[in-house]
Amino acid sequence: LTFPLLSVTLLVSFGSSMLYGYNLAVVNSPAEHIKAFYNATWSQRYGHGLAHGPLTLLYALTVSIFALGGLVGSLLVGMLVERYGRNGALSRSALLVLLAGGFMGFSRELGSPEMVIIGRSITGLHSGGCCLGCAQPLPHGSGSYSRFQGMEKASYSPKALFFICLGVFSAQVLGLPELLGEDRFWPLFLSMVVVPASLQLLLLHCFPESPRYLLIERNDVSGATKALHRFLGTPNVQDVIQEMKEEQQSLSSMEMVSVWQLLRDRSVRWQTLSVVVVNAGMQLSGIDAIWFYTNTIFKNTGIPASQIPYTTVGTGAIEIVAGLIGCFTIERVGRRPLIITGFCAMGVCSAGITVSLLLQAALPWMRYVSVACVVGIIAGFCMGPAGVPFLMTAELFMQSHRPAAYIVGGSLNWFCNFTVGFIFPFLQMSAGAFCYLVFCGVCLLVALYVYLIIPETKNKTFMEISHIFA
């Protein structure tokens with residue numbers, strides 16, 4: 001990779017994937033402080049505090065509203081990229097994060113829980129547009145200009161998982177009591193999202209627009225040539241330009257399928273169902289409950305309160321290692337083994353948490369089994385289900401169907417993220433230790449579906465995969 005190519009890849013990943021991971025975990029550490037603020041504010045306004053149920057509902061909304069914002073952002077991103085280009089869309093999304101950081105940072109000073117909720121929804125809007133959208137263009141073709149395509153897909157591929165894990169880990173570290181984990185610092189902790197957004201906003205203008213966008217969308221051959229000179233570091237880019245022109249001609253003659261047409265197309269029925277199952281299972285596996293409510297889960301397993309923040313940081317470090325293993329093995333091992341093994345491991349560990357919680361009264365050492373099971377869920381997710389669904393969606397469909405497939409998969413991803421984030425506290429209250437069996441069932445059923453239905457897509461053309469499904 002040339003230095004400009006590497007720099008823009010890291011910048012986009014830092015301001016999109018890493019920020020997404022940070023927002024997943026940032027509400028975990030200050031949960032009790034935020035609830036206390038909500039309760040105190042409610043008491044000042046209405047003369048009485050919130051009961052446990054309404055307070056849980058308000059906090060669950062604060063946690064999960066991030067995913068609703070992400071759903072809206074993922075649906076709007078195509079329009080933004082088409083109108084402003086990738087860099088323009090990223091810059092506008094970064095401005096949204098600055099606004100969200102202001103809302104959350106001044107919420108306590110102004111006595112407004114609504115500002116926290118609005119700020120969380122805006123950060124979700126940014127993540128929906130950046131993490132799964134303008135920062136990660138839809139895969140296209142398989143031309144020989146792999147160096148440029150590598151940059152285009154860098155933040156879309158499973159390698160983005162490393163930055164997501166890094167974002168989760170950074171939120172866990174900053175949430176330690178020695179740093180921003182105290183009650184007086186939680187607004188600052190939430191508003192730290194402005195740091196990567198500001199860095200992206202300041203540096204993004206130093207890099208040219210995406211060459212593919214300039215040539216294919218804007219028909220700006222001169223601009224695309226200059227951008228390729230900068231990114232690839234070579235004066236000879238005519239072969240790349242020629243292949244882009246061929247792709248432009250191919251796309252112009254291709255009729256793109258709408259979401260409704262995709263759902264009605266019997267020729268790709270099983271591929272579409274596979275995208276639905278895998279993307280919904282990815283979020284309903286329980287990983288969002290782990291990220292959003294790690295400290296609460298450890299508290300219920302009997303871990304001493306003073307040890308919980310450091311236990312959480314330890315799981316984050318293991319998560320980064322597992323993410324790296326997934327990145328380096330996905331092309332060697334294949335898609336099916338990783339995703340089946342990952343879901344099976346998550347299912348077994350979810351059942352393990354239930355067993356350990358039921359036995360911890362008689363066997364105190366079971367609390368450590370619970371921690372090991374949480375680590376197993378995270379490791380299983382990062383090594384398979386985290387990155388494989390996005391690659392499989394690209395490989396299961398031809399170019400004309402791919403954008404619609406990504407809309408279906410992405411929308412389900414965000415909606416199920418919201419569902420788990422909102423429902424888990426109430427599921428935990430009503431079902432107790434048995435709530436994890438729901439995630440166990442989902443994981444094992446998805447693993448069984450992949451084993452029975454989905455073929456290995458590694459190194460196979462669309463026609464080969466379509467023939468196997470048929």
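From the backbone N, Cα and C atoms, a Cβ is placed for every residue, glycine too.
Automated prediction, rather than curation, is the source of TrEMBL annotations.
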From 9-31, 308-330, which range did TrEMBL mark with transmembrane segment? 308-330
Can you name the far-off residues of the same chain, 6+ from the ends of the transmembrane segment (308-330), with a Cβ under 8 Å from a Cβ of it? 25, 28-29, 158-159, 161-162, 164-166, 168-169, 172-173, 175-177, 181, 294-295, 298-299, 338, 371, 374-375, 378-384, 386-388, 391
Can you work out whether the transmembrane segment (337-359) touches the transmembrane segment (433-454), with the criterion being 3+ CB pairs under 8 Å where the paired residues are 6 or more apart along the chain? yes
State the non-local partners of the transmembrane segment (186-207) in its own chain: residues 6+ outside its ends, Cβ under 8 Å from one of its Cβ atoms. 4, 7-8, 11-12, 14-15, 18-19, 22-23, 26-27, 29-30, 33-34, 37, 87, 90-91, 94-95, 97-98, 100-102, 104-109, 116, 119, 123, 126, 174-175, 180, 230
